[in-house]
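S.K.: One structure coming up, written as structure tokens, with questions to follow.
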């Protein structure tokens, strides 16, 4: 009999469940990457909305007829409310406050909407809810770019577009995290979600490159093209997203041998020791992977709390106050508030900072700013790997926050020394700033959403995720706003604000870090069911 081709052998090497799980991993990755892709253009276009006038120049209006040799390209003409210093009304001396208002309107709406989104998402089919959000987000992102082609110079138009876009984008995060958590068990959750969460950086990078391609010639397309991509991905979501493995009779947990232990000897020892327990009845596959408390010795089965499932669907969705009572939710939410403040300040203001310090044009500054997101990819994965190995989520976040503050100070000092220093610090700062943010919004949120105190209620994950990310989004709204208010006094003051925010984020984790370091086993009681009391 002929030997099977390599490709066919590769396909049959994996089970049906594994292929579906990989498909959902990639699909949700691309879906949320498109959300971030649509958020990035505003930071790239800022350098075009306000151009640096020559010293002593005042932004004077220019009158011109419709001419194909305009500095904005063949499809744009200078009108009576446009100046050499940019696009009205952002061509005035208070442009930083106006640009900050655009950021604040989007992020404030996002923060408010996030609290409602999780509650609504628990009660609606994820596929329909997410599809609606992506189609609406694509429309509002493109609408911002329409202002270029129709020569709209009303601040209210752009602010309202940002508010509406911020509201509909809240459908994304609770939906994709819930879907991914449905398909993957608790084993190696930090690593899996650390890799998966790189969609944030990938989306930012793609958004920067797409927006940067048109920013100097036709900045309207910097919004319309990303908007079209988000809408197209919304259609893909409607056609292909599978909310739960039970919908196609798949297992919701990873194979036990792949996550019980990093050490092969311990893995076989665990299988040998747990084999006899099957005589008294089968043990839940996901429970088996949680038997190791310290990676060396397994807990006795009598110490494990078996949580009742809700396959009958009889359990009601958790309330907002009920989610707040889950241990660790408030601390991680407040920590994320300050961590996300730092991250989103970089997201919305980094290209403009690079333009000011390194004197690059908007396109080159946008391309250079992607290095921060490249560092963020490695930071998120590193945080997941460390937290899985140590089983200490809060301590991992605390260590990276502790290192981030002095790194930001060094960044503010050496970035003025040249392009090489800026590149190095962008990579390092991206890793340390994005690591805690990525870990809290993914693995920690999933851990808390399946906490033992919920007694098996699976209708809590979306609400818990929304509370944590919604609180973080309050910081995301404050960061760019404060940067817009502080930056006129000097960029060094912006970095001092970011360092203070990192210190506050660390402060809110002190109790959980102390608990992890003083008690061996899973992190702060959020990863695995603990001993009965």
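Heads up, the Cβ atoms here are built off N, Cα and C, so glycines get one too.
From TrEMBL, for reference:
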| type | residues | note |
| --- | --- | --- |
| DOMAIN | 27-517 | domain 'Major facilitator superfamily (MFS) profile' |
| TRANSMEM | 20-37 | transmembrane segment |
| TRANSMEM | 98-116 | transmembrane segment |
| TRANSMEM | 128-150 | transmembrane segment |
| TRANSMEM | 162-184 | transmembrane segment |
| TRANSMEM | 196-215 | transmembrane segment |
| TRANSMEM | 221-242 | transmembrane segment |
| TRANSMEM | 329-350 | transmembrane segment |
| TRANSMEM | 370-387 | transmembrane segment |
| TRANSMEM | 394-411 | transmembrane segment |
| TRANSMEM | 423-448 | transmembrane segment |
| TRANSMEM | 460-482 | transmembrane segment |
| TRANSMEM | 494-513 | transmembrane segment |
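Quick one: how deep are these features, and who are their neighbours?
M.R.: Residues of the same chain lying 6 or more positions beyond the ends of the transmembrane segment (98-116) and with a Cβ under 8 Å from any Cβ of it are 39, 42, 46, 49-50, 89-90, 92, 155, 158-160, 162-170, 173-174, 320, 344, 348, 352, 466-467, 469-471, 473-474, 476-477, 480-481, 483-485.
Long-range Cβ contacts of the transmembrane segment (128-150) within its own chain (Cβ-Cβ under 8 Å, at least 6 residues beyond either end) map to 31, 34-35, 38, 41-42, 75-76, 120-121, 157-158, 161-162, 164-165, 168-172, 175-176, 218-224, 226-235, 237-238, 241.
For the transmembrane segment (162-184), same-chain residues at least 6 beyond its ends with a Cβ under 8 Å from one of its own Cβ atoms are 20-21, 24-25, 28, 31-32, 35, 38-39, 42, 102-103, 105-110, 112-114, 116-118, 121, 126, 129-130, 132-134, 136-137, 140-141, 144, 192-193, 196, 241, 243-245, 250, 252-254, 441-442, 445-446, 449-450, 458, 461-463, 465-466, 469-470.
Listed as Cβ neighbours of the transmembrane segment (370-387) (distance under 8 Å, sequence separation of 6 or more from its ends, same chain) are residues 189-195, 197-198, 200-202, 204-205, 208-209, 346, 350, 393, 396-397, 400, 423, 426-436, 438-439, 442-443, 523.
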S.K.: Thinking of Cβ pairs under 8 Å, which stretch from 20-37, 221-242, 329-350 has the most of them with the transmembrane segment (196-215)?
M.R.: 20-37
S.K.: Out of 20-37, 221-242, 329-350, 394-411, 423-448, which stretch has the largest tally of CB pairs under 8 angstroms to the transmembrane segment (494-513)?
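M.R.: Selected stretch: 329-350, with the most Cβ pairs under 8 Å.
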S.K.: Are the transmembrane segment (329-350) and the transmembrane segment (221-242) close enough that 3 or more Cβ pairs fall under 8 Å, when only pairs 6 or more apart in sequence count?
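M.R.: No, the stretches stay apart by this measure.
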S.K.: State the non-local partners of the transmembrane segment (460-482) in its own chain: residues 6+ outside its ends, Cβ under 8 Å from one of its Cβ atoms.
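M.R.: Result: 100-101, 103-104, 107-108, 110-112, 114-115, 117-119, 121-122, 170, 173-175, 177-178, 181, 317-318, 320, 322-324, 326, 329, 332-334, 336-345, 347-349, 437, 440-441, 444-446, 448-450, 454, 494, 497-498, 501.
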S.K.: Using a cut-off of under 8 Å between C-beta atoms, tell me which stretch among 20-37, 329-350, 394-411 contacts the transmembrane segment (423-448) the most.
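M.R.: Per the Cβ count, the answer is 394-411.
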S.K.: State the residues, same chain only, that lie 6 or more residues beyond the ends of the transmembrane segment (329-350) and have a CB under 8 A from a CB inside it; answer 'none' if no residue qualifies.
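M.R.: The answer is 39-40, 42-43, 46, 103, 107, 204, 323, 369, 372, 394, 397, 401, 404, 408, 429-430, 433-434, 436-437, 440-441, 444-445, 448, 464, 467-469, 471-480, 482-484, 487, 494, 498, 501-502, 504-506, 508-509, 511-512.
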